[in-house]
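**Q** Handing you this structure, nothing more for now.
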Amino acid sequence: MSTESMIRDLELAEEALKRKARGPLGLGRCLCLTLISSFLLAGATVLFCLLHFGVIGPQKEQESTDTFLDMKPLTQRVRSLQNESAKPVAHLIADQLAEGQLLWVGDVANTLLMNGMELVDNQLVLPSTGLYLVYSQLLYKGSQCGKESLVLTHKISRFTLSYQKKVTLLANIRSSCRKAAEDDGEPSAWYEPVYLAGVFQLTEGDKLVVDTNYPENLDFAEPGQLYFGAIAL
């Protein structure tokens with residue numbers, strides 16, 4: 001085969017390839033590429049518009065900022081609760097084993113002695129100056145009313161270095177057997193609760209004490225019936 005015929009065959013093969021590329025399959029490939037390019041261009045245009053008008057990007061940053069601002073009051077509230085929980089508080093109950101005398105305990109279930117509060121010689125010692133809610137309840141009982149009722153006294157006193165003596169903060173007087181006396185019936189068992197509570201400005205080192213004139217008539221059946229406490233406000 002001559003060189004000229006070989007060159008002619010190559011030219012014919014090249015022409016055949018070009019015709020195939022211009023055929024239906026080649027046209028489909030070109031159309032597919034054109035559509036893909038159009039979609040990519042449209043997508044890029046939409047993304048640019050969203051970024052330009054702040055629909056995405058800056059808005060998410062603003063939402064993040066708003067969320068942080070909303071969290072600030074919650075954080076401040078949590079810190080406030082932590083500070084409040086650091087205030088002195090005490091809740092004492094009567095020792096059920098010391099029936100006949102009023103002795104307080106603060107190291108058993110359902111009692112509190114926190115943040116500096118102390119129980120010394122049956123007195124509650126305050127660790128700091130400020131407003132305090134002071135409270136106490138005593139429950140008295142008797143088997144028979146009899147002809148004469150008992151005059152029950154319940155009081156909370158404060159001993160401070162300024163006065164060098166006990167000063168009464170709260171006091172209450174009750175008469176036992178009131179219901180039986182009103183009914184004028186047969187003698188029966190009686191129960192009389194006496195509750196005290198008040199808010200006072202107290203001083204660091206003040207001592208609070210509960211007194212009653214009939215400790216032998218206190219009802220020690222349940223620990224929640226006789227209690228004494230103070231809460232810093």
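Don't overthink the numbers, they just go from 1 along the chain as shown.
Positions of Cβ are set from backbone N, Cα and C atoms, glycine also.
As annotated in Swiss-Prot:
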TOPO_DOM  1-35  topological domain 'Cytoplasmic'
MOD_RES   Ser2  phosphoserine
TRANSMEM  36-56  transmembrane segment
DOMAIN    88-233  domain 'THD'
DISULFID  Cys145-Cys177  disulfide bond
**Q** Restricting to the domain 'THD' (88-233), what is the model's mean pLDDT?
**A** 90
**Q** Using DSSP, what is the helix/strand/coil residue split across the domain 'THD' (88-233)?
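**A** Final tally across the stretch: 15 helix, 77 strand, 54 coil.
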